[in-house]
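**Q** After the C-alpha cells below, expect a handful of questions from me.
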Amino acid sequence: QICNQHNAEAPNLEQVFHRMAQTEPNLDHDISWFLLPSYWAKMVVALISFLCFANSYDGDFVFDDSEAIINNKDLRAETPLGDLWHHDFWGSKLSSNTSHKSYRPLTVLTFRINYLFAGGFYPVGFHIINIILHCTISVLMVDVFSILLGGLQFSNKGRRLNLAPKTSLLAALLFAVHPVHTECVAGIVGRADLLCALFFLLSFLGYCKAFRENKEGHNFSIFWVLVSVILGAVAMLCKEQGITILGLNAVFDALVINKLNVLELIQKLLHKDKSLENAGLLRKGLLFRITLLMSGGASILYIRWRIMGTGPPAFTEVDNPASFADSLFVRAINYNYYYSLNAWLLLCPWWLCFDWSMGCIPLIKSVSDWRIIALAALWFCLIGLICQALCSEDSHKRRVLTLGLGFLIIPFLPASNLFFRVGFVIAERVIYLPSIGYCMLFTYGFSLLSKQAKKKKILAVAVLGILLINVMRCALRSSQWRSEEQLFRSALSVCPLNAKVHYNVGKNLADKGNQSAAIKYYREAVRLNPKYVHAMNNLGNILKERNELQEAEELLSLAVQIQPDFAAAWMNLGIVQNSLRRFEEAEQSYWTAIKHRKKYPDCYYNLGRLYADLNRHIDALNAWRNATVLKPEHSLAWNNMIILLDNTGNLAQAEAVGREALGLIPNDHSLMFSLANVLGKSQKYKESEALFLKAIKANPNAASYHGNLAVLYHRWGNLDLAKKHYEVSLKLDPMAPGTKENYNLLRRKLEQLQKKGS
C-alpha cells in the first residue's frame with residue numbers, strides 16, 4: 001500500500017524538466033508558426049532543401065571542378081590511395097611550392113569513390129551526393145537549433161527534449177533555403193564544405209550526448225567528449241574550418257552546461273576574486289573537458305602543420321589584394337569591409353558571384369571612401385549584440401546571443417585573414433557554417449518582434465515570404481551553376497570590374513570556337529588587369545591562330561616579362577617566333593619553357609617541329625621521343641616520328657615506332673593510318689590494308705584515308721577497289737592533292753585493259 005501510494009505521487013521526471021525549462025523565457029510561446037512533431041519537421045526541411053537545389057543534379061563540371069576533379073590524378077584507380085594523404089585538394093604534392101596547402105583527403109576520397117562507381121567523369125553522381133549531403137545537414141540543423149535555442153534537457157529515459165520546436169524548425173528552414181549555399185551544393189568542389197559541416201554538426205551533437213546521464217551537471221561521458229574531438233578532426237580532414245567546432249563545443253559547455261555569466265567571470269578575474277570555483281570554472285568538470293578539447297585541437301593542428309610541410313601557401317596579389325597592401329591601416333580597413341560584405345550576403349543574398357577577386361572589390365585607400373559606412377554599420381550591430389550578450393539581465397538572452405555570435409564568428413575565423421593570408425577576397429562557400437549563427441540570430445530577433453507585435457500573423461507571413469523568395473533564388477542560382485556559360489555570364493552584372501569573370505567568359509567562348517567574341521572578353525580582362533598574364537597568353541594564342549603574329553608576339557613577350565617563369569607563355573612565344581621564321585629565338589623560348597617546367601611534353605613536341613623545319617632530324621626525333629616518354633599517349637609526337645622516319649627512308653625504324661605507338665594507343669586512327677602507309681611501302685599489303693580499313697571505320701570521312709588506301713590497291717593490282725576508294729576520296733575532298741592525278745592514271749589503265757580484252 002505504501003509503495004503504491006508512493007508510486008502514484010512520484011513526479012514525472014520529464015514534466016519536471018519541462019517546468020525547469022519554463023522558468024526561462026520560451027521562444028516558441030510568442031511566435032505564430034507551425035508546430036510539427038519532430039519527424040514531420042525534419043521531413044519538411046529535407047523536402048524543401050531538396051526542392052531548392054534539385055535542378056542542379058544534371059549540371060556540368062564547372063569552374064574549379066575541372067582542376068579538383070577532372071585534372072586531379074588522385075581520383076584515378078592507378079594512383080595509390082596513400083598518395084591522397086600527401087597531396088593537396090588539387091592533387092599537387094603538399095611539399096610543392098605551388099601547392100595551396102588545402103589538405104582535404106577525405107573529400108578527395110569521396111570524389112574518387114564517385115569516379116569509380118560512375119566508371120568515369122559523369123557529373124550526375126557527384127551532384128546527387130552534394131544534394132543529399134545538404135538535405136542531411138539541413139535535417140540535422142533541426143536538432144542543433146533545438147539545443148541552441150531551447151537548451152539541453154533529457155528525459156529520465158535519456159531522450160533529448162526539444163523545448164523549442166517552432167523556432168528550431170524556422171531556423172532550420174532558413175538555413176536549408178539560404179541562397180548563399182548554392183555554391184557549396186551546385187558546385188561539386190563545395191563538397192568539402194558540406195562534408196566539413198556534416199562532421200562539424202555530428203561533433204556538436206556528440207558533445208551534447210556526453211551529458212545525457214547528467215543530473216546536477218557533475219557527471220559526463222569522457223567517451224562522447226573524445227568522440228566529439230575525433231569527429232572534429234574528421235571535419236578538418238574534409239575542410240580546414242572543421243577544427244573550429246572544438247572551440248564552439250567549449251563555448252557551449254561554458255554557457256549551457258555550466259551556465260557561466262561571461263561578464264561576471266571577467267569581473268572576478270580582473271579583481272582576482274577567490275570565488276572562481278563558485279563561478280563554475282572548476283566545478284562540473286568544465287576545466288577538464290576544455291583541457292581535453294584544447295589538447296585534442298592542438299594535437300590535430302600540429303599534425304596538420306607537419307603534413308603541410310610547415311610552410312604557408314603562396315598566393316598572388318590578384319587573389320587577395322588587401323593582404324599585399326603596405327599600409328596596416330589599408331589592410332585593416334579592407335579586411336573589415338570584406339567582413340561587412342560577407343554579412344550583407346547573409347542578410348541579402350541577391351548579388352552572388354562565383355569569384356570576387358581581380359578588381360571586383362576595389363581597395364579602400366582613404367577614410368573619405370563612402371564604403372566606410374558599411375564598416376561602421378557592421379561594428380555598430382556587432383557591438384550592440386555583444387553588449388546585449390554580455391550585459392543583459394536575461395540569462396536566456398545572454399546565452400542565445402552569445403551562442404549565435406559564436407557560431408557566426410568562430411567558423412569564419414580561418415577565412416578572416418587574421419591568422420594567415422587566404423587566397424580569396426570573398427568566397428560564398430566559407431559562409432556555409434557561419435550561416436548557422438545568422439539563422440539563429442534571425443530566428444531570435446523574429447521571436448522578440450513577435451513578442452512585441454500585436455499582429456503576429458503578419459510577421460509570420462513576412463517570414464514565409466522571405467523563405468519563398470529564398471527558395472526561388474536558390475532554384476535560379478542553381479540553374480546558373482549548371483553550365484560554365486550561364487555561371488560566368490551571370491557574374492558580369494555582379495562583378496563587371498572582375499578581370500577573371502571576363503577571362504572565363506572569353507575562355508568559354510574560345511572553347512566553343514567563337515574566337516571573335518572571345519577576343520573581346522580577353523581584351524577587356526587585360527584592360528581591367530594589365531598584369532593578367534593568363535589572359536595575355538590565351539589572347540596571344542587566338543591571335544597566333546588568326547595569323548596576327550605581330551600582336552601575338554607583343555602580348556606573349558609582355559606576359560613572360562611580367563611572369564618570367566610562365567612556361568606556357570614561353571612555349572607559345574616560341575611557336576609565334578617559329579612562324580615568323582626567327583628560329584634561334586624560338587629555340588631559346590622553348591628551352592626556357594622547359595627550364596621552368598621540366599616535364600613539358602607539348603613543348604618538346606613543338607621543339608621537335610622546329611628542328612624538323614631546320615632539317616635537324618636527329619634532334620627532332622629526340623625531342624619527340626622526350627615528349628612520348630613524358631606523355632606516352634602523345635599521338636602527335638608519335639605520328640611525327642613515324643612520318644619523319646618514313647620520309648627519310650627509314651622504313652624499318654618507322655614500322656617499329658608505329659607498332660610501339662599503337663601498342664600504347666591502340667584506338668588512335670591517325671597512328672593506324674601512318675603505320676599503314678609505312679607497311680604499304682614495305683609491300684606488306686595485307687597488314688597495311690587491315691590498318692587502313694580500321695582507320696576508315698574509326699574516321700570514315702577522312703579523304704586522305706580513302707585516297708591512300710586506293711594507292712595501296714593500285715600498287716597491289718586490285719584496280720576495282722582502288723577506283724572505288726579514289727572516288728570516295730574525291731567525293732569527300734575534290735581538291736585532295738595527288739588523288740585526282742592518280743585516279744586519272746587508273747582510269748586510263750582500266751580503259752587500256754578493256755581495249756585489250758575486247
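Each Cβ is built from the backbone N, Cα and C atoms, and glycine gets one as well.
Keep in mind that TrEMBL annotations are predicted by a computer and have not been checked by a curator.
Sharing the record's features from TrEMBL:
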- 39-57: transmembrane segment (TRANSMEM)
- 128-151: transmembrane segment (TRANSMEM)
- 163-182: transmembrane segment (TRANSMEM)
- 188-208: transmembrane segment (TRANSMEM)
- 220-237: transmembrane segment (TRANSMEM)
- 286-305: transmembrane segment (TRANSMEM)
- 311-383: domain 'DUF1736' (DOMAIN)
- 372-391: transmembrane segment (TRANSMEM)
- 403-424: transmembrane segment (TRANSMEM)
- 430-449: transmembrane segment (TRANSMEM)
- 458-476: transmembrane segment (TRANSMEM)
- 499-532: repeat 'TPR' (REPEAT)
- 533-566: repeat 'TPR' (REPEAT)
- 601-634: repeat 'TPR' (REPEAT)
- 703-736: repeat 'TPR' (REPEAT)
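Can you tell me where each of these features sits in the structure?
**A** Within the chain, the transmembrane segment (128-151) has long-range Cβ neighbours (under 8 A, six or more residues past its boundaries) at 21, 24, 27-28, 38, 41-42, 45-46, 49-50, 53-54, 56-57, 110, 114, 160, 162-165, 167-169, 171-172, 175-176, 181, 184-186, 188, 190-191, 194-195, 197-198, 201-202, 204-205, 208, 256, 399-400, 403-404, 407, 436, 439-440, 443-444.
Proximity of distant same-chain residues to the transmembrane segment (286-305), defined by a Cβ-Cβ separation under 8 Å and at least 6 residues beyond the stretch ends, is recorded for 103, 210, 220, 222, 225-226, 228-229, 232-233, 236, 243, 246-247, 249-250, 253-254, 257-258, 280.
Across the domain 'DUF1736' (311-383), the prediction's mean pLDDT works out to 90.
For the transmembrane segment (430-449), the list of distant contacts is 27-28, 30-31, 141, 144-145, 148-149, 167, 170-172, 174-175, 178, 180-181, 184, 190, 193-194, 196-197, 200, 241, 244, 342, 345-347, 385, 400-401, 403-409, 411-412, 414-415, 459, 463: same-chain residues at least six beyond its ends, Cβ to Cβ under 8 Å.
Tertiary proximity for the repeat 'TPR' (533-566) is limited to same-chain residues at least six positions away from its ends with a CB under 8 Å from its CB atoms, namely 499, 502-503, 506-507, 510, 515, 518-519, 522-523, 525-526, 572-573, 575-577, 579-580, 592, 596.
Counting same-chain residues at least six beyond the ends of the repeat 'TPR' (601-634), those with a Cβ under 8 angstroms from any Cβ of the stretch are 567, 571, 574-575, 578, 583, 586-587, 590-591, 593-594, 640-641, 644-645, 648, 661, 664-665.
Remote same-chain residues near the repeat 'TPR' (703-736) are listed as 669, 673, 676-677, 680, 685, 688-689, 692-693, 695-696, 742-743, 746-747, 749-750, 753 (criterion: CB distance under 8 Å, separation of at least six residues from the stretch ends).
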**Q** What are the helix, strand and coil residue counts for the repeat 'TPR' (499-532) according to DSSP?
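**A** For that range the per-state counts are 27 helix, 0 strand, 7 coil.
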**Q** Hey, which bits of the same chain come close to the transmembrane segment (39-57), Cβ under 8 Å, at least six residues off its ends?
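**A** Non-local partners: 124, 127-128, 130-131, 134-135, 138-139, 141-142, 165, 168-169, 172-173, 176-177, 182, 185-186, 470-471, 474-475, 478-479, 481-482.
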**Q** Per DSSP, what is the residue count of the domain 'DUF1736' (311-383) in each of helix, strand and coil?
**A** 36 helix, 0 strand, 37 coil
